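Undergrad: Found this in TrEMBL, in case it helps:
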- Cys61, Cys64, His65: heme c 1 binding site (BINDING)
- Cys211, Cys214, His215: heme c 2 binding site (BINDING)
- 39-177: domain 'Cytochrome c' (DOMAIN)
- 196-347: domain 'Cytochrome c' (DOMAIN)
Amino acid sequence: MSRLRWMGEFIAGAVACAAVIVAVRPLAHASPDATWLTQRVALGKQLFNDPSLSADGTVRCASCHIPEKAYTDGRAVAIGVYGHAGTRNTPSLLNIATASESAFFWDGRRTALEHAVLDPLTNPVEMGLHDQSELLQRITQNNAYRVAFSQAFPNDRGSLTSAEVGAALAAYIRSLAPSQSAFDHYLHGDRTALNPRAQLGLALFQGKAGCAECHRLDDSPPTLTDHGYHRTGVGLDGIMANLPVLTEGVIARSLQGAAIGDGVATHADEAQLGRFNVTQDPADIGLFRTPSLRGVAHTAPYMHDGSVSTLEDAIDREVYYRSLQTGRPLNLSVEERLDLAEFLRSL
Ligand code: HEC
Ligand code: HEC
């Protein structure tokens, strides 16, 4: 084909495309992307609330991520299918979008939300399905889902994939945004949004108490996390004597190709090794992801194992342990601890 003819065809094609775009444009109310996103969010919400996706037909995502409790469950550790207890406290899902999280679970074992949302479905003590093919089978048995998936993923002509399920659940979770907190109003210039005690708490949080070193305030809106991992002391005392056996257990399971999340949820002592479960680096023993503290007044009990029942106790624990870590004793009076608590309630 001559260069000239090729150019001619290219231009003719471009003109035809433009004509189609002009013809279609005035009719379209929303861009196709926006429509698919809306459909994916709606589908994700349906999946999130569907107990038929669990082994015993009673557990749905919302059983543990309860909207009225900032998407936590109020328990120390989660209870899943057949009443099985896990090993970790259910985190809020409200801050994932606000904090631009790129690591998930207390040990950061997943780096894509689309993958993280699929794990609970096959976790033996959460929703307990055998594998992802059982998941896909259950979904395709439902006519309404088949229609909803084909609308939400119009370009995928083939059969349903777990990637689509992950995309729908992730779209729903990203759509969950916390409402503006008193602290947000304060930052937007309403100086009355924080009472005097909370304002003293804010000053301590950023200043003497050093909390903002990890629960950071410098982004807009503040994420209250540094996206990092830190040793917390919580739960570590109980396993110190047994470290060699526990670390070998983790390594052996990993060599067998077992999913990290399944091991963590069913081996309480190994779960206390924290980030080590992901990296198998001894330096990571007992490290956990810094949780965002947004909405923290609604997410009791606290810490990765839910072992701290109240916000006041969590503050005491943090003040004590952070002093130990830095070697600088942090002396906060009873009044100052109340100030910190009042500030945390404004988040
Ligand atoms: C039995 C209770 C339970 C059920 C059911 C459950 N989760 Fe969770 N979820 C948890 C717990 C506990 C964790 C923390 C686990 C860990 O860190 O090891 C968690 C963590 C998460 C995280 C990571 C959050 C973060 O910031 O690290 C996401 C995302 C999530 N769940 C989504 C879902 C979705 C989607 C479903 C349904 C498909 C679901 N969960 C079902 C208890 C549950
Ligand atoms: C070195 C980093 C670091 C500093 C400094 C720090 N935190 Fe934390 N904070 C963490 C980590 C990591 C966790 C999770 C610990 C765990 O689950 O074992 C946490 C957990 C918490 C929790 C429980 C949150 C939840 O959802 O369970 C509260 C409340 C808290 N911190 C408040 C504070 C306060 C108040 C200060 C200042 C006195 C502070 N933190 C200083 C890293 C830090």
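Placed from the backbone N, Cα and C atoms, the Cβ positions cover glycine too.
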Undergrad: Calculate the distance in Å between the alpha carbons (Cα) of His65 (heme c 1 binding site) and Cys211 (heme c 2 binding site), and round it to a whole number.
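TA: Per the Cα atoms, His65 (heme c 1 binding site) and Cys211 (heme c 2 binding site) stand 27 Å apart.
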Undergrad: From the Cα of Cys61 (heme c 1 binding site) across to the Cα of Cys211 (heme c 2 binding site), what is the distance in angstrom?
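TA: It is 31 Å, counting Cα to Cα.
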Undergrad: Any idea what the Cα distance is from Cys214 (heme c 2 binding site) over to Cys64 (heme c 1 binding site), rounded to a whole Å?
TA: 27
Undergrad: Work out how many Å separate Cys64 (heme c 1 binding site) and His215 (heme c 2 binding site) at their Cα atoms, rounded off.
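TA: A Cα-Cα distance of 25 Å.
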Undergrad: Using C-alpha atoms only, work out the spacing between Cys61 (heme c 1 binding site) and His215 (heme c 2 binding site) and round it to an integer in Å.
TA: 27
Undergrad: Under a criterion of Cβ-Cβ distance under 8 Å and sequence separation of at least 6, what residues of the same chain contact His215 (heme c 2 binding site)?
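TA: Same-chain residues close to His215 (heme c 2 binding site) (Cβ under 8 Å, separated by 6 or more) are Phe205, Leu224, Thr225, Asp226, Thr290, Ser292, Leu293.
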Undergrad: Note the Cβ centroid of Cys211, Cys214, His215, the recorded heme c 2 site, then list each other residue of that chain whose Cβ lies within 8 Å of it, in sequence.
TA: Phe205, Gly210, Ala212, Glu213, Arg216, Leu224, Thr225, Asp226, Thr290, Leu293, Glu318
Undergrad: Quick one: DSSP breakdown of the domain 'Cytochrome c' (39-177) into helix, strand and coil?
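TA: The domain 'Cytochrome c' (39-177) comes out at 68 helix, 6 strand, 65 coil.
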Undergrad: Considering only the binding-site residues Cys64, Cys211, Cys214, which possess a Cβ situated under 6 angstroms from at least one atom of ligand 2?
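TA: Cys211, Cys214, by Cβ distance under 6 Å.
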